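Enquirer: Quick one: structure below, then a few questions.
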Amino acid sequence: MAAESDDEEEERIDKAWEDAIRKLLPPGAPLPDEDHLDYSIAVDIDGPPITHPIPALLAADPPPLDLDSLSLRSSSLFSLSAPLSSLPVRFSRASASRSFDEGEEQDNYEEEEGELQSCNSSSVSADNRYENKDENEENDNAAAAAAAAAAEKRRRGRRGVCGRCGKGNLLRDKEGCVVCDSRYCRSCILKAMGSMPEGRKCVSCIGKPIDESKRSSLGKCSRLLRKVCSPLEVKQIMKAERECAANQLRPEQLVVNGRALKQEELGELLGCQFAPHKLRPARYWYDKDSGLWGKEGHKPDSIISPKLNVGGKLQPDASNGDTQVFINGREITKLELRVLKLAKVQCPQDTHFWVYEDGSYEEEGQNNIKGNIWGKASTRFICSLLSLPIPPGDRYKSTDYVPALSSRSMPEYLEQKRAQKLLLLGLEGSGTSTIFKQAKLLYGSKFSEEELQDMKHMIQSSMYKYLGILLEARERFEEETLMMKKLSSDSDVSTSDSGETEADESKRSIYSIHQRLKHFSDWLLEIMATGDLNAFFPAATREYAPVVEEVWKDPAIQETYKRKDELHCLHDVATYFLDRAVEISSNEYVPSEKDILYAEGITQSNGLASIEFMLDDQSPKSDIYSENLDCPPPLTKFQLIRLNAKGLNDGCKWLEMFEDIRAVIFCVALSDYDQMCSQGGSGTLCNKMLASKSLFESVVRHPCFRETPFILLLNKYDTFEEKIDAVPLSICEWFGDFSPVRPHNNNQSLAHQAYYYVAMKFKDLYVSICNRKLFVWQICARERNTVDEAFKYIKEVLKWEEAKEENMYGVGVDSYYTTDVSTSPYIRRE
Ligand SMILES: Nc1nc2c(ncn2[C@@H]2O[C@H](COP(=O)(O)OP(=O)(O)OP(=O)(O)O)[C@@H](O)[C@H]2O)c(=O)[nH]1
Ligand SMILES: [Mg+2]
């Protein structure tokens, strides 16, 4: 092993870092405190290439910083111009990801996190994932004590410095001990950890149990270790870290059905075909007959191999259910009951079911199999949405399932791996379905024949809907105009000679259409009034296509369309589709990708939609590598669930159905700031941005999301940019204090300043509600690459949050909130 760094190199790196930051700041501005580096608003916009020389951050290994390759342009950094020097540095993590040396940046990121949490000593716990107090008390064992000692050490020590030499800063690669979390710089790691017979542990920690919060990182090598050890050494160290006796879960750390396991039970549990994944020291319940498995006091978490001889007897209150419906003696939870009802299982109170491992069930004592709970695809879909388990493999399909004790194959393992759920929400028209469809096109499967057919009907129906809105408005405008005409002609009555032609003329206006089209119009409006549009179309689509085209081209309708800003329900895609009425109406029409993206909605019913996809876990920002350096990066499974705005009515009741949401992605259309929509049943008009704000608030306040990170996607930047010069942002009363810096004082465009201001308004609102950090990203959902970038950012945020949860890096939350909007230079100060 060879440690090459020395003090001079350290100093040089510090200096290079400072230089790089200084270049991003206006001349003379002070360097921001490391605590104030903030990655939570992301911008990625075009701008002139950087003109200053590129600093060589890291000279030899890895390669030097290459700003040119990064699209990190001077204009993509906001809040860095002269009047902003008081602000913390903020820049896009995605842009940054392309700007910094990978490992360096990832560690910076983690270290910053680590930094932040240490300010909040109360937040440090052995494992903040444990959900109940009892568990914490139970787990008050050596590992927890070690973690507490480590936390104390972190609190005492100066942040970011090496635990041995005391040098360095937050931004430098460091490696931590898996027992006490002391962190060492490149120069000291080998001296502090020796030959690492049990993996990354200080010499004094060898033999001690690991800090449980680090279990998931066992065997995952960091970049720093790869710098100081050869690949073979890294492999051996990682193997030892995973496999050595001191680092294994101990049987007494697992309590199943109220009894701590014995060594042989632990062996049976870990060696079975469908073992519980991510086992941690905790109390679990296990239903041996069905294989259902969960944390004590909670709903089932997975279905593992049945009939294992582990733990005590399953208790009725194991999952804390209160439904008076029992499965194999356990009172089930409300969520399970809901699924049973959706699966059409009759379950009045005091029903006791026996459920077998394949999902077949019978009422206790009746000896008569009534059906299979998981037999229907719709039930499995609902289970997957509600984070309830379904039997692994095809168990629910066959009754002759024979548990095999070995041969756990990789695909089965992957199938069991739980998808990370992302809930996508937003006001109607904010762009959620466009994002959903982009994700499907980017990462999922192609649209099937059936989906395309559905999309085609959706587009055809929408086309008639747009036409109906226009025809209705035309009638109104015609009436208004004729009324005005009449009023003025009444006042001119003494001077005019009344004649027949004039009387006719007084019944016509620019909004009048030909009598033939009028019949069609009346008929269509009548159908729309009965709410029967979808039932009638698209069957009649082809027949009426020529009339639709004629109506659309009629001057009266074109005049009406000119006043589209007054038609709040008319979407701007109306012209995109109406211009092609005949083509779209034909039998042969197949929607193009562009049509699919421009169409409103995902399916005709446009309700709940969900897709699963895998994203590779490796990112330019990550320094976690699997032990096998040659194997492809691990994949993370995501489930994107899109709930449309209608599903959020009724006080967001639907949201209760979603547990285990890893992140809420809230979408807001930036261009909504001057738009109106009708609110609730009353039909009163309300500014759309304010409606978004109030929806956002109610979702953030929802008890289900108390611990869930939020990512705000500010969409439709393209339309926003187009209109911001003509329509002041302050037209929306929430943005009344927007005060842009004049262009000659500042090289940020007005749209850019306004975007930043809106982001800060939402961040500030979020902090005021839940005192947490809101992550913000800008997109144009119709442009695929911006959605791709957004998902990369979301993936990073999740990793960041995970690192925080696992309490790996000793972090505090306070300095997140230095982004107080009152410091924004774009706000007028009285
Ligand atoms: N100009 C522009 N249009 C966009 C953008 N994102 C979405 N749209 C369009 O806005 C319209 C509405 O977007 P949707 O994705 O259907 O909005 P939604 O949130 O699903 O709303 P509902 O389905 O109506 O509840 C569609 O025509 C999209 O093509 C964008 O970034 N820029
Ligand atoms: Mg839509």
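Glycine too: its Cβ is placed from the backbone N, Cα and C atoms.
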Enquirer: Besides ASN715, LYS716, TYR717, ASP718, which of ALA645, ALA781, ALA790 does TrEMBL list for that GTP site?
Expert: ALA781
Enquirer: Should we count any of the binding-site residues LYS716, TYR717, ASP718 as near ligand 2, judged by a CB under 6 A from one of its atoms, and which?
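Expert: Close enough to ligand 2 is none of the binding-site residues.
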Enquirer: Using a 10 Å radius around each Cβ and all protein chains in view, which of these binding-site residues has the most neighbours: SER433, ASN715?
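Expert: Ranked by Cβ atoms within 10 Å, first place goes to ASN715.
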Enquirer: Whole-number Å distance between the CA of LYS716 (GTP binding site) and the CA of SER433 (Mg(2+) binding site)?
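Expert: Rounded to the nearest whole number, the Cα-Cα distance is 13 Å.
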Enquirer: Which residue among the binding-site residues LYS716, TYR717, ASP718, ALA781 has the fewest other Cβ atoms within 10 Å of its Cβ, if you could check?
Expert: ASP718
Enquirer: Restricting the comparison to the binding-site residues ASN715, TYR717, ASP718, ALA781, which residue's C-alpha is spatially nearest the C-alpha of SER433 (Mg(2+) binding site)?
Expert: ALA781
Enquirer: Other than ASN715, LYS716, TYR717, ASP718, ALA781, which residues of the chain come within 8 Å of the GTP site, judged by Cβ distance to the Cβ centroid of those residues?
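Expert: Leaving out the recorded residues gives GLY431, ALA669, LEU670, SER671, LEU714, THR719, PHE720, GLN778, ILE779, CYS780, ARG782, THR786.
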Enquirer: Could you state, as a whole number of Å, the largest distance between Cα atoms of any two of ASN715, LYS716, TYR717, ASP718, ALA781, the listed GTP binders?
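Expert: Taking every pair among ASN715, LYS716, TYR717, ASP718, ALA781, the longest Cα gap is 10 Å.
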